[in-house]
């Protein structure tokens, strides 16, 4: 091909590939747009590539999504910020397609480009685009336009600003619920760019319309707007405009709206200040905690500690605790589970006396719950209560629940409790642990489920770190090593795993005297899986023990394994031998 045709070549290939029936080729071509643009140079990219992309009427969403994404980072390829406006037409087209994720990506790319454009270009190119989309015949264009106002507004002259506010107001009253939803979602972003004077008049009017929308999906998004607007307004305006809306929403006929309020309520408390919180929002929150829909109670229960932190302990005890008592025996296990995951955080808020008197009975009832998730959520947050009421009271009530969970028929429950054992050990202390939980930790090493055995081995390592090598030498190591004679090879493998984890914690001396002989004797095992695991463990012990031990004990054993009939045993033995040579070389 002659030099003259060279620059034409990439665009020709691109055009061919973009018209190809194979979607993968079209996708690859779009993903290589930046390479093609570099080959064409800035001017030809502006004059040929971008117009071509604007006319490209591909009907595959994946290709369009990739295009929307690529164009967002295309400013350097069209000659920098002064030419950024040439990227707007193809993205404007993508803002009107039917597929939501393509439109969202196009809006995101337009926002990225708009935030880099010069002010004069925004007025000449970007704002007209927003107005065109907002007046679009198809609802898709109007939906997309809502996400662009916060970029267009700050640089608009006064006249245009008034027009943009009025257009946004019309979008909030659009016939299509999807458009009103989009307007409600983006209201907070738009409001953040608007001058305080107009915020109280125009935006609050728009907001009030949305809060009275007949579609619950629009009202639900307006709830999110409450928190965003609450942060922008002065506290007294917040009390005047936002508070009544929230109180109404907390009694909305749609449970979805009430659910959103339950999720957002504590953020609104920060916006309105302590006094209105006490008089208006506490009753609203109590209503939500007693809602007849389980989903709303779940959301409200999950926020109970955050809400109590805003209130004084007296208020929390007076208003919130009675609801918490009711929720602890709620008919829905999910509500009890949500409560169990946060109730521990109430202890520091309420103080020692109230915790012992009021919270402890609730705890204990949740610890005896028939659903394991509820019991687990309580145990996982124990440290928060321990700090408040001390371990003696806790340990009497805790132990039966822990033992029951440790033997639960669901292996995931057993797994979760193992993961909390080191935390419990640090809270309960070594004496209590040896008496009550030591035997359990050994029992898990012989569980039928591999994940439990593996977690049990990790657990022993963490306990050895917590209580020190001397304790481990007395309480863990002998019991673990006794299990190496178990007739089932899977349990013997667990012992090897435990040895490899304990060795770094126990140090060189104990490893050489106690752990290494057991590993070496296992190299004579009749099961190949055990033998190649021995090779792996020996490899992990090389950095821990002294050089003479490696040469005298570990190397001969590995040499023997490297001549084993089984291919995997030979492979891992050779790998370990290479590792020894590597250590020798480097030292």
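Cβ from N, Cα, C; glycine included.
Long-range neighbours of the repeat 'HEAT' (10-48) within the same chain, counting only residues 6 or more positions beyond its ends whose Cβ lies under 8 Å from a Cβ of the stretch, are 56, 58, 60, 62-63, 66-67, 70-71, 73-74, 77-79, 83, 86. Annotated repeat 'HEAT' per TrEMBL: 10-48 (among others), in sequence order.
Annotation source TrEMBL lists repeat 'HEAT' at 164-202 (among others). As a summary of secondary structure, the repeat 'HEAT' (164-202) carries 30 helix, 0 strand, 9 coil according to DSSP.
Sequence annotations record features per position, and here TrEMBL assigns repeat 'HEAT' to 203-241 (among others). Summarised as a single figure, the pLDDT of the repeat 'HEAT' (203-241) averages 75.
Among the features that TrEMBL reports, repeat 'HEAT' is placed at 242-280 (among others).
What TrEMBL records for 281-319 (among others) is repeat 'HEAT'.
Taken from TrEMBL, the feature repeat 'HEAT' covers 320-358 (among others).
Marked as repeat 'HEAT' by TrEMBL: 359-397 (among others).
Taken from TrEMBL, the feature repeat 'HEAT' covers 398-436 (among others). A Cβ distance under 8 Å defines the sequence-distant neighbours of the repeat 'HEAT' (398-436), meaning residues of its chain 6+ beyond its ends; these are 367-368, 372, 375-376, 378-380, 382-383, 386, 391, 443-444, 447, 449, 451-452, 455-456, 459, 462-463, 466-467, 471, 475.
Per TrEMBL, repeat 'HEAT' is recorded for 437-475 (among others).
TrEMBL lists 476-514 (among others) with the feature repeat 'HEAT'. Here the repeat 'HEAT' (476-514) has long-range neighbours at 441-442, 445-446, 450, 453-454, 456-458, 460-461, 463-465, 469, 521-522, 525, 527, 529-530, 533-534, 536-537, 540-541, 544-546, 549, meaning same-chain residues at least 6 beyond its ends whose C-beta is under 8 angstroms from one of its own.
According to TrEMBL, the feature repeat 'HEAT' maps to 515-553 (among others).
Residues or ranges marked as repeat 'HEAT' in TrEMBL: 554-587 (among others). Using a Cβ-Cβ cut-off under 8 Å and counting only residues 6 or more beyond its ends in the same chain, the repeat 'HEAT' (554-587) has close neighbours at 516, 520, 523, 528, 531-532, 534-536, 538-539, 541-543, 545, 547.
Secondary structure by DSSP for the repeat 'HEAT' (554-587): 28 helix, 0 strand, 6 coil. The list of residues near the repeat 'HEAT' (203-241) in space but at least 6 beyond its ends in sequence, with Cβ under 8 angstroms from a Cβ of it, reads 165, 168-169, 172-173, 177, 180-181, 183-185, 187-192, 194, 248-249, 252-254, 256-257, 260-261, 264, 267-268, 271-273, 276.
Residue counts for the repeat 'HEAT' (10-48) under DSSP, split into helix (H, G, I), strand (E, B) and coil, are 33 helix, 0 strand, 6 coil.
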